[in-house]
Amino acid sequence: MAAMSTNSSTPLDHIRNFSIVAHIDHGKSTLADRLIQSTGGLADREMSEQVLDNMEIERERGITIKAQTVRLHYKANDGETYVLNLIDTPGHVDFAYEVSRSLSACEGSLLVVDASQGVEAQTLANVYQAIDNNHELVTVLNKIDLPAAEPERIKDQIEEVIGIDASEAVLISAKTGLGIPDVLEAIVHKLPPPKSEGGEKAPLKALLVDSWYDTYLGVMVLVRIIEGRLSKGQTVRMMGTDAKYTVERVGVLTPKMVAMDSLGPGEIGFITASIKEVADTRVGDTITEDKRPTAKALPGFKPAQPVVFCGLFPVDAADFEDLRSAMGKLRLNDASFSFEMESSAALGFGFRCGFLGLLHLEIIQERLEREFDLDLIATAPSVVYKLFMTDGSERELHNPADMPDVVKISEIHEPWIRATILTPDDYLGGILKLCQDRRGIQIELTYVGTRAMITYDLPLNEVVFDFYDRLKSISKGYASFDYQITDHKEGNLVKMSILVNGEPVDALSMMVHRMAAEKRGREMCEKLKELIPKHMFKIPIQAAIGGNVIARETISALRKDVTAKCYGGDATRKRKLLEKQKAGKKRMRQFGKVEIPQEAFIAALKMGDE
Amino acid sequence: MTAVTPFAPRQPIADDPLDPGFGVYVHWPFCAAKCPYCDFNSHVRHQPVDQDRFVAAFLKEMETMRRLTGPRTVTSVFMGGGTPSLMRPSTVSAILSGIAGQWHMPDGIEITMEANPSSVEAERFRGYRAAGVNRVSLGVQALNDRDLKFLGRLHDVEDALKAIRLAREIFPRMSFDLIYARPNQTVAEWDAELKQAVSYAVDHLSLYQLTIEEGTPFYGLHKAGKLIVPDGEQSAVLYEATQEITAREGMPAYEVSNHARPGAESRHNLTYWRYGDYVGIGPGAHGRLSTGGAKIATATERHPETWLSRVEENGHGMVDQEVLELSEQADELLLMGLRLTEGVDLARWQALSGHDPDPAREQFLIDHGFLERLGNSRLRCTPAGMLILDAVVADLAC
């Protein structure tokens, strides 16, 4: 850690806390880098592209998963030096709660919009969240150096779609550095300084914005001081979890770590306090002083709730322990991801895992495969259903395999979302059909020029199953999509089982809407017919709801499998073929008399990707 | 399960299946022309082949093999190719004397030579007989000119019939090959052709299906969609028809694609399928030899001239000598042995694999009518099982 730089806090009116709201690829991270560079946070040689996106996956996908923060010192045109705290928020809906906490730590946002592409679904969702958090907005049009840039048209679009004044939008190119000084001036003069009712003398009240695991320092907690002062050596209490810790280090990120003695009102910084696991800290919690606590915790705290579940199994059963330890390591840094052991007749031992959403699922799976070199099979994602039982009790269902006897259930409720889709109007027809097919209810349809904005209420269950892929393919990649979970509603849902040669295959069972069951069942049976090799006997493949078969295919028996050619003394070639066959059989999963290749599971579970 | 007539409860073929014998195979790697379906080790040379030099090399390689096998009694000799009938009778005579010089070679053992029905080659038949050949195997392949042309053969039906007549006259035993499952071949056509074939045959027929092998001209045509061969169902129907007809005509199958009147089976081929020892001499020949308590697999260099210079330098052309694990021998015994209607001896397989067949798997295969026990000691495929032999073997071998 660098040497102590300051002991006295910055006066409130010289602090600006802000975040950046943008759609993926509209240049949020590049702009952040440029701001750090031009205020001297890092020397040019220390700049690597997208400084704030630390993880390999974040950089590759151009998305932010964990909130990051940086404290900039900016000498403005008025001669004063300001402290600018930038909190870079996760841009994805899966992390909506994290986003809302990060936003609540700031007073303003830069709304970054690509000057040729305009407003996208994610821009909207995030900007509304910023407005909900009473943010002042500075509109920034990026990529104005590109020939396709149409700043005037996009300004009109912003005013029309979002309903904010965009006439004073700052025109920049984050890539070339054009307009960056104007952005910094706008931050100072258009965004408000933080307010602090009780000021420095009040009992400590700080917001836990985020936390992460650092290899050297352990769990680090990002905090925003609302009132009072947070100092080294202080004993603090997390009001949500009621845990006590002694603060060991206090500091800020420039983005390098710089130690401080304390943080005062309006400031954003980090602390370490011998906290064992990231899971012990809850985003949104209120930190106060143990011996002089604040009277009231900050509103809005809620623990992270997984909304999508799936089973993750090692392709090679011998990797089970490695998978367990890899998951443990990932959880160190991501408390929103949960896992517990699960065993499946089809796939052996694995884990039932909970995620904040589909992107979260994909990221965790990819990290396990990439960073820990594991081959995984993921079962079809399932949402959390609420089961209301006939005996009056209520329970949650995370795994279709755990579905109780239907006669004991009085109602099944499923989560619904409100989805916002923006698309060039050419693809509108296809997208409306997709939403209707997925049991959607249209809420709104408006046009802005040649772009349509559609709002739909949809069951999440229909969205976790290849909705996003279909949307991308219908719109050739042009439609953007965002959603938030609204509520649970009763649904006409059934558990569909797949039987191979009369044996149910647990890993393939799923919850579906009764109306969609037959189609899904037929698709699954057809796919499996292609994927399971012929055996010496006929194999029926059935999709069933309870005892009712709703779709059926039959794999005919092997007709001829002998080489009627001249075989002389070359037994070696035949033996090598047999050895290959035997090795292939080892990779099969046995269901009664039927051997199903593992690839068949993977492909069947991916159904709908094409 | 299928329309195929059950295998007759026949006695073990020929002599004792538990004494698989000791065969000598000699490979003549040259052909006058390469057939478009053939992936055997055969080469076309536009210069005359120095047969004396090859003979000297064959004899030299036999010496090396003799050191590996120790003294043995030969039960059969087979000269294959390529086209062995391109050899001069004197070459054949020298090869047979060479074998007799290394191992004990009783009178009257089966000595087979492959021959093409072209007129030039047929003229040499008397010479081969004089050299000691007592069984000839003719590559007839088809009994209509259109298909012979399609298969790239240099003879026509008239040549074939002449050669068959001549062979029957000259050699005590005779067999010929046909290739079926040709493009667009119907069961009716094959039925007629096969009945005709049976009437020409003495006591043995090899009936192979046309298979598309990588590296052949047919492979390229097939891949490009210009050559369509009967698919699984049609080839199964043709296979079943073949079994029906030959059984009815008194020449039932004794192996997947070999048919004989009882007692007239090829002794040499039985040695392969009963997993006996055999020496492979010449370019690209394979052998299985018991030596020093181990069973070794040998394979020689395929390219004729390279093989020649290797033998001249080292005394042999072997490029591979692999000691086979017991489990590998068990696999080979099973996959060769189940091709025979006599099946495999369970005690022998048990001794190699170290265990009995998995009882559940065996019972499953028996219940489905693919496998049967012959008494307590032998296991064999039923006709239905023979049709899916590769799957049956893979199931049992696990």
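Every residue number used here counts from 1 along the chain in the order it is shown.
Keep in mind that glycine also has a Cβ here, set from the backbone N, Cα and C atoms.
Positions annotated as domain 'Tr-type G' by TrEMBL: A:13-195. Among the features that TrEMBL reports, GTP binding site is placed at A:Asp25, A:His26, A:Gly27, A:Lys28, A:Ser29, A:Thr30, A:Asn142, A:Lys143, A:Ile144, A:Asp145.
Positions of the features from TrEMBL, shown on the structure.
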| residue | record | CB count, 10 Å |
| --- | --- | --- |
| A:Asp25 | GTP binding site | 17 |
| A:Gly27 | GTP binding site | 24 |
| A:Ser29 | GTP binding site | 26 |
| A:Asn142 | GTP binding site | 29 |
| A:Ile144 | GTP binding site | 21 |
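Largest Cα-to-Cα span within the GTP-binding set A:Asp25, A:His26, A:Gly27, A:Lys28, A:Ser29, A:Thr30, A:Asn142, A:Lys143, A:Ile144, A:Asp145: 17 Å. The average pLDDT for the domain 'Tr-type G' (A:13-195) in the predicted structure is 82.
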